[in-house]
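*Asks:* One structure follows; several queries about it will come next.
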Amino acid sequence: MLVGPNAPLVFDRGLRATYMKHTWDFYKPDLTSEYPTVDGKLSIQCYLNALDNCYQLYCEKARALSPTSPVVGLDTFDSVIFHTPFCKLVQKSLARIGVNDYFMTPPSKRPARFPGFEKFDQLALEDTYFDKDVEKAFMTYYDEVYKAKTAKSLLVASQLGNMYTASLYSSLVSLLITHSCEELMGRKVALFSYGSGLASSLYSLTITKDATALGSIMDNLKNIAPNLEKRHKLTPEQFCAVLETREQNCHKAPLEPSGGIDGLFPGTYYLKNIDHMHRRQYDRVPK
């Protein structure tokens, strides 16, 4: 990501919250394999716990920066996007921010803001990670908010799956390409970044109202949606064969990849070979 003058996406200074913790939710103890060891239930709890901590700290910082406007919450943002292991977790995460708003609201004010939720008053936030009643109630309550602020950011993730580190930024790209410049101008976006093990951050940016600067970045992204439509379809058997080849070649050296480049988009970089000292050489498909 490039940072410079006349930026179309402007980071909100002083509004970044970070949370880290040592956990065994998702890790790679076997260096001969490319696949991780995963504790699925713990992994989801770690993700949501990190979101809780980052969001609460972000709200504290936002209130400190604007003491005359102390109310900070989901309504503060026009869009909210997330690191995306799978799309359903993103919908749950948007609702999870709502759960935090509920517990940060003084009990006397909850009935007006969250009508019918009195049955959750006696719960503690840390006891709600796998409470199905809480999850269902808040996902239903925030369904329209999810559709308005988050759903369109899943365009790429819904078609490509988990991109790991890149998944948050694919969500940002998806948000940009599914709106017009006029719709994006001045929009405040919250971004939640997460990595297992774990490290996480929640920060925000404001999209410029400068049509020229915003138009420049939008022009660079115009091929994303068309390229998704140009992908080659494979049968499940063909896809499994590709994965088997990948597994067999893991850590091999020397290696000459057997796949062709005919299906790659013009300008794509690809692995040409790996020598006996594990040095990689890349080439590029002509534009």
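Any Cβ shown, glycine's included, is placed from N, Cα and C.
These came from TrEMBL, pasted as-is:
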| type | residues | note |
| --- | --- | --- |
| DOMAIN | 9-284 | domain 'Hydroxymethylglutaryl-coenzyme A synthase C-terminal' |
| BINDING | Ser43, Lys88, Lys92 | CoA binding site |
| ACT_SITE | His83 | active site, proton donor/acceptor |
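Surface or core, plus neighbours and distances: that's what I need for these features.
*Replies:* If you take every residue in the domain 'Hydroxymethylglutaryl-coenzyme A synthase C-terminal' (9-284) and average the pLDDT, you get 95.
Taken residue by residue with DSSP, Lys88 (CoA binding site) is part of a helix.
If you draw a 10 Å sphere around the CB of His83 (active site, proton donor/acceptor), it holds 28 other CB atoms from the protein chains shown. Under DSSP, His83 (active site, proton donor/acceptor) is assigned to coil, being neither helix nor strand in the three-state scheme.
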*Asks:* Highest Cβ count within 10 Å among the binding-site residues Lys88, Lys92: which residue is it?
*Replies:* Lys92
*Asks:* Compute all pairwise C-alpha distances among Ser43, Lys88, Lys92, the residues listed as binding CoA, and give the largest one in whole angstrom.
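*Replies:* Pairwise Cα check on Ser43, Lys88, Lys92 gives a maximum of 14 Å.
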*Asks:* Enumerate the residues of the same chain, Ser43, Lys88, Lys92 excluded, that satisfy the criterion Cβ within 8 A of the mean position of the Cβ atoms of the recorded CoA site; list them in sequence order.
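*Replies:* For the CoA site the neighbour list reads Ile44, Tyr47, Leu48, Pro85, Phe86, Leu89, Val90, Ser93.
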*Asks:* Provide the three-state secondary structure of Ser43 (CoA binding site) computed with DSSP.
*Replies:* helix
